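Here the structure comes first, spelled out in structure tokens, and everything after it is commentary.
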Amino acid sequence: MELKTIYDGILRKVPYIPREAWDAKPPKSVEKFAGRIPYVIIHHSYQPAACLTGPECCEAMLSMQKFHQQDRGWNDIGYSFAIGGDGRVYEGRGFNVVGAHAPRYNDKSVGICMIGDWTVDMPPENMISAAQSLIEYGVRRSIIASNYTLIGHRQVRPTECPGEKLFKEIQNWPHYSPMLDVVDPNGIRT
């Protein structure tokens, strides 16, 4: 399978599946930001549902990118990275690229989406480990600030994201902060 060949060849350099491997469409534009990233924001996709294999997760990435670019009119997939149920990290916009995942934080955060709906069920351990490893990689490489703040999407926007079960889980992760910076706490959306 082509994905495996590309993935094996690049794994030594970066711990994620690059955009080319999931056949990402080109971004409409790319806006970068400088410096160490002070925020890590955890999301769930809700839709698409959890993917379990490389091909399913590539399809999920394409589905999210299409929705974000065509339906929402964004430059690209909104997230910096996504984690599949296959335990792999998939590059979205990547590090230090302004995202479209958390208004007012897009230019100072890395948005990590756990593919699936994590309202009732917990993501599998391989997804949790992959997300934490990506964060550790970012800190080791001085991409993410060593004193970063980890939050769930619902802490900066009126939404149920990242799902109740996942939100409870991330409260036990290093650097989690109970900060709340929601402009309109009355309008909850998934």
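Cβ atoms here come from the backbone N, Cα and C positions, even for glycine.
Nobody curates TrEMBL annotations by hand; they come from automatic prediction.
Listed in TrEMBL for this protein:
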- 14-157: domain 'Peptidoglycan recognition protein family' (DOMAIN)
- 25-163: domain 'N-acetylmuramoyl-L-alanine amidase' (DOMAIN)
- CYS51-CYS57: disulfide bond (DISULFID)
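Residue density at CYS57 (disulfide bond): 25 other Cβ atoms are found within 10 A of its Cβ, drawing on all protein chains shown. For the domain 'Peptidoglycan recognition protein family' (14-157), residue counts in helix, strand and coil come to 41 helix, 32 strand, 71 coil, using DSSP. Over all protein chains present, the Cβ of CYS51 (disulfide bond) has 24 other Cβ atoms lying within 10 Å.
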